[in-house]
Every structure is written in C-alpha cells, then in structure tokens.
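What TrEMBL annotates here:
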SITE      Arg152  site 'Required for activity'
CARBOHYD  Arg152  N-linked glycosylation site
SITE      Arg159  site 'Required for activity'
Amino acid sequence: MAQASVTPTPLLKDELDIVIPTIRNLDFLEMWRPFFQQYHLIIVQDGDPSKTIKVPDGFDYELYNRNDINRILGPKASCISFKDSACRCFGYMISKKKYIFTIDDDCFVAKDPSGKEINALEQHIKNLLCPSTPFFFNTLYDPYRDGADFVRGYPFSLREGAPTAVSHGLWLNIPDYDAPTQLVKPLERNTRFVDAVMTIPKGTLFPMCGMNLAFNRELIGPAMYFGLMGDGQPIGRYDDMWAGWCMKVICDHLGLGVKTGLPYIWHSKASNPFVNLKKEYKGIYWQEELIPFFQSATLPKDCTSVQKCYIELSKQVKAKLGKVDEYFLKLADAMVTWIEAWDELNPSAAEQPNGAGK
C-alpha cells in the first residue's frame, strides 16, 4: 500500500508574516495557495476603507484599512502613505514576527527554465538564513549555495560572512522600469532567468523594488520605511527606492548584508506609463541629488541600533535635502514619527543594538 504523502512543515512557519498591500480582491492568492497557506498574512488595504476586500477562504490573515491605521497610530498615522503601495510598511510595524515577506497583488508564481513552479518564499528564506559577503566579492556569487564555495584568494578571515538583513527578489515578464523607459520600450519583457544570488557590496547602493522582497525584521525592520508618497505628496513610486537607500546605508554601517537575485516571480501587468510619469517626474529629477547624498552619508559610531541610525539619517535629510525641496523637510519629520510609532508598537525592541559591528 502506498504511503500517504505528508506535507512538510514550511520553513519559519511561526516566525514569518506575509505583507500584501492592495486595493482589490485577492484572487491572486489562489495561485500562491500551496506556498502561502500555512503562513500568516497581513493585508494592508489602501484607498477607500468602506470598500470590502475579499480574501479567498482558507488563509490565516488580518486585514487593516485606513480607519484601522488611524485608530492604532492616532496622530502618528500621518507617517503612513495613503493611495500608494507605501502603505505596506504599516504591516511591517504591526507584525510581531522575526521575518517579513512582501509581495504585490499582480505578482504570480513564476516557472524556472525546466518548467517547475518557483516557491519564491522558500528561496527568500534560504537567502535570509545564510550569511552575506558584503566586504569582499566572491566571483562565484553566493558561496554558501550548494555546489559553490569561496574562490582562491578569498580572505579566510571574511568567510564567516555577515548576517543577511534583506533578500531582494527579481521578476520575469514585466520588468520594473520607470515611466520613460516604459514609454520607449512598451513591449519589452524580461525572459532571462539568471540562476544566481549575490551580495550587494558594502558602499554600493541599488534600486530596491518592493514587490518581491523579504527581510529580517529584527535586524533591519525600523529602516524599512517606505516614505511619504501618494495622496497629498508631490511624488510616488519612490517608496521602495527610499527605503532601499536608507536601509543600505544603515546595513553598511552595522555590518549587515543584502542579497539580490533569486527568487523570481511573474510580474503580470505593467502600470500605466503616463500615470507613472506624473507620479515619478520629481523623483527622476531629484534622484540625481538623492544618490550622491546617500553615497556620501556616514553615521557616527554611537549609532548602534537601527533606530539611532535612522534618526541620525533623518537629521541629515533635513539638513542637506531640505535645500532641494521642502518636501524633504516633511519627509524627515515623518521618518522620526515612523520610528516613534515603531517603538510604541514594539517596545521590547526599542533600544537593542543591531548588527554585527562595523
């Protein structure tokens, strides 16, 4: 008689929340059911709070809309964006788990070149649970992967690696382009599956996309603020970029690693490039000053926790980027409000040092 198959307990089942920002019914979860059903979901509903969003049966979830955010955070709710996917970071704040995976509702299960469905969450967890190599680049990419190792000439003193704070996944089909690139390449699709994970080197910034992303909330959570975007703000679609730049400066300071590459998801639909251009155009202009700011930002030695680093960064934003536009004065204040709200909801973690040292 054939033995009944036993469903294995998924990795980190009780230590990870899946955060999804949305304005629509979550039918896309049906495709993810085999991979997500045993995890807890935090759904952050954007837009009209009187609208009822349907979630497929059988998922363990909590749903927060704007009324809930206002009720829980009070006046500090001003730091959570409205009518923008940046509202997802409320889910990071409200979570009580060690790890977060966040995904957009237009992201479907991708297939690898052999046709096998990719369990994106499992790959993110593997990335987060093994070290990074931010201080010296390994030419075989991730040396901790099966079938790989450190190459000749790699210093033995650095082979222990650094704790991994963030795992940044990629996308097949619709690439994550800005509006001008969308407009000149409307038919371009990403069909290239690169079977690799690499650590982004210390001192190197990157454009972080929030639609397929996982992180260690205990190591870097307070830095994953997706900024003030959307309704009432002069900019949108730079929420994940802002979080990525702030996070990377802080990871570099605290000796933490960031990985990018696998896993892939299938990004199903391109957003309207004309709408995107309206949201992005100030960001496209401002980023030419933002990038040099983050490239030259340094944090003092007494910044030993993510919160302290983030407050220091907010002061530098106010002092240096406030001259670019008064929006950055508002954003710097929101960064402080975000940390205050985070510490109120997460009091036990408020003053713990993070990272592995410089």
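Here the Cβ of each residue, glycine as well, is placed from N, Cα and C on the backbone.
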Going by a 10 angstroms cut-off between Cβ atoms, which of the recorded sites Arg152, Arg159 has the sparsest surroundings? Arg152
How big is the Cα-to-Cα gap, in Å, between Arg159 (site 'Required for activity') and Arg152 (site 'Required for activity')? 12
